[in-house]
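Visitor: As annotated in TrEMBL:
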type	residues	note
DOMAIN	32-116	domain 'G-protein coupled receptors family 2 profile 1'
DOMAIN	133-383	domain 'G-protein coupled receptors family 2 profile 2'
TRANSMEM	135-156	transmembrane segment
TRANSMEM	168-185	transmembrane segment
TRANSMEM	221-239	transmembrane segment
TRANSMEM	246-266	transmembrane segment
TRANSMEM	286-306	transmembrane segment
TRANSMEM	327-350	transmembrane segment
TRANSMEM	362-382	transmembrane segment
Amino acid sequence: SCVLLSLHSLPQVQATHPDCSIVLYFQEQEAECLQIIRSESQTSASPERPGQQGCLTEWDGVSCWSAVPVGQSQFVACPDIRHVFKKSKALIRRNCTESGWSFPSPPYHNACELEVISSNNDTEAKASYFVTMKALYTCGYSMSLAALFLAIGIFSCFRKLHCTRNSIHIHFFTSFILRAAAVFIKDSVLFSDESIDHCTMSTMNCKAAIAFFQYSVLANFYWLLVEGMYLQTLLLLTFTSDKRYIWWYILIGWGVPMLTVCAWVITRLRYDNHGCWDDYSSLYWWVIKAPILLAIFVNFLIFLNVTRMLAQKIRSPDISKNYKQQYMRLTKSTLLLIPLFGVHYVVFALFPEHVGVNARLYFELVLGSYQGFLVALLYCFLNGEVQAEIKRNWGKWQSSMESNVFNLATQDFTA
């Protein structure tokens, strides 16, 4: 029917899209109707209750019509589904005749008033839009991965850069690498085969990909929280680095997300084990969302506190100019990242999942894909300490090469 065609023409883009809940609604209604049909067929087949003349229960793709005798009518209301039907209280009638069920009167599209369905041109435009968006975030994550691996290599290779602060940076970079890898894995599992409906996909690989993606996102936010906590600790301890804290930071950055995802997986397995676990309209999604909002809220408080402490220390006459420059250098990157990473998530968390889908997609996928590159740029490539160390080692390497060339030339001349 035209209703089913309209449902299949709806774009299926990602987990937060409301179309999956529409598809699941009709599948649940169909399953319930088919169960009634099976029970009726078993009852009518028994010798105690021979089959009665009339119209049997039928699923027409939208509604379930209960069995009635010949000559009677059946009424059903329009399905109460937003974005599909404008009216939900209108009644539709079907008569039971000797030749079977009559056609719905009035038809669904007249009685329920279907929402405006996108034309083929609009559908093609949306498909092109999402292909372009995928190309953009694939490029962004690829750039971020290259920059992050290079930054980790720089921090690891130069011995003078080995410290607690840069160790935390490496963990932060690793969380971005995991997040980029999780996006690519999720795309390969959910969207590799266009013939598969990801709304109804329910495989172990699919659920594992979603669980890994949620862990990567959580770890990303909690390592940003660790960056803020470490910055505050440095200001409180007046740049006294204590390596004992690193294990607490690792426990917060990797351990809290692991416990959260394990609790979420157990909850979904016991109470909501349907689909691919990518339906963000579920109440159990708050098991993931609440810890992320908590991390953002704590980071915002750290942002305010660090700004206050920084203003006090810069104004203090007891602090030398050199220390003031150190305070500014250590704080500017983290103070920039804390509001940058959390604001859009808080804004979208206040609205239902079906509101601002395109804007949500753009911020989470396109702009979010370049965050790893921005982090590597701020913490590594624009870091004066890193630049000085690279220049020093580059000068030593050039001197070594010139010395080797001179020795070779001298050997050739004396020979």
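Keep in mind that glycine also has a Cβ here, set from the backbone N, Cα and C atoms.
What TrEMBL says about a protein is an automatic prediction, not a curated fact.
Please situate the listed features within the shown structure.
Guide: Tertiary proximity for the transmembrane segment (246-266) is limited to same-chain residues at least six positions away from its ends with a CB under 8 Å from its CB atoms, namely 164, 167-168, 171-172, 175, 211, 214-215, 218-219, 222-223, 225-226, 229-230, 284, 287-288, 291.
Remote same-chain partners of the transmembrane segment (362-382), defined as residues 6 or more beyond its termini with a Cβ less than 8 Å from a stretch Cβ, comprise 14, 133, 136-141, 143-145, 147-148, 150-151, 154-155, 169, 172-173, 176-177, 179-180, 183, 333, 336-337, 340-341, 344, 348.
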Visitor: Sequence-remote contacts (6 or more beyond its ends) of the transmembrane segment (135-156), Cβ cut-off under 8 Å?
Guide: 162, 166, 169-170, 173-174, 176-177, 180, 183-184, 365-366, 368-373, 375-377, 379-381, 386, 390
